[in-house]
């Protein structure tokens, strides 16, 4: 057992080191870029070392615990700890954030502030996934809002202020329900407020109160995940944000909602989750069909990919609602799989948009010949997104299918109906993705357009793409790389449902 404060260092290092960016020389961006990359690499290497040498994979309980007095007046503590459920999300955060800083290389305007905001997001994300106190969880949840709002409003597209305002209104509105739930859970049945997750796991509530708490938390997670109809901020945000910001949004920010749904709603409120689970499965199935159908009608290819993300989140919702070992492990696998695939698709869309200065599909065509590397990688990750066998997306969706089919919670006919709806969604996915590829990369439309910078991917971009492609293939061929991390913890979590 390690008593060294590994998690505190991992949470504090990015934002503390990021604040030193403003003391670096103002002339040129090279020093700021390399400094930020070095901080992200150091953070990723530190977390890899800590987890390899101080984390026991076979132990499903909380490890690397830290507990320090924080606000003495209210007896609030700085409580950190990780288990196999949070391990994958933390490693995904380190991996994607490091590559997102590399993707942000072309940013030159106010680069010091830009990279500081990315590092502040990094701290908030690591803090959220390692929090063992509900108040600390909420603070880390809110810490994301300001950096994302500034990244959107200062480095976005023409409608960046509209998309940033929509993002902040939706997420802040959801956070109000989150805060009410935190206060209600902490103050219930006790003269002294206590928000330690270890204590709250053993806390029981009246059925009506538990349902109200569950619904409040669900609204907050439904905004971030997102769950229809609270998803409308996402297409605008992804359509206007810089592609490095999109990588963080699609790769990590959306997964915070899924993680919260498992960590708080499922773990702390099992009775309410058991009652709500059929509705989650229905909403997930409807979301797969709705978002896939809406994606097919989008003229802007960035928004088409954004609706694709909403559709794939439906599989995570179904996996969480299935209340089975297989289904929940499939949801966790889909969280990591879409983190890789979604982030890369937005990176490729952004790099293509930077070169063509066009986003509408009817204006595109014929760019596969001048940009063959972008075409190859875009096609490869589109195949991963549409669940081609041998890639991570296929395994994740297949495991969720099996989880739903084997669920004792549902009768045969509802399971058949939901499975049929999911299958239709999987058919729609290649339709909207392959039609996008055809409109963008085939034909001859752009060959005679003057003043277009048809430059293919350089070494930096290829390195980034290959780094993400390797785990996508690795998980697709050998999914036990991920499943072995979570299977024991999932079994312990679901024991609440079978014993109660």
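Our numbering is plain: 1 for the first residue shown, then up by one each step along the chain.
Cβ coordinates are placed from backbone N, Cα and C, and glycine is handled just like the others.
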Quick check on the annotations: Swiss-Prot lists transmembrane segment for one of 313-333, 355-375. Which range is it?
313-333
Matching 62-82, 167-187 to Swiss-Prot annotations, transmembrane segment lands on 167-187
Applying the under-8 angstroms CB criterion, which one of 35-55, 111-131, 272-292, 313-333, 334-354 scores highest with the transmembrane segment (386-406)?
313-333
Highest Cβ pair tally under 8 Å against the transmembrane segment (4-24), stretches 35-55, 111-131, 242-262, 272-292, 462-482, lands on 111-131
With contact taken as 3 or more Cβ pairs under 8 angstroms (pairs 6 or more apart in sequence), are the transmembrane segment (462-482) and the transmembrane segment (111-131) in contact?
no
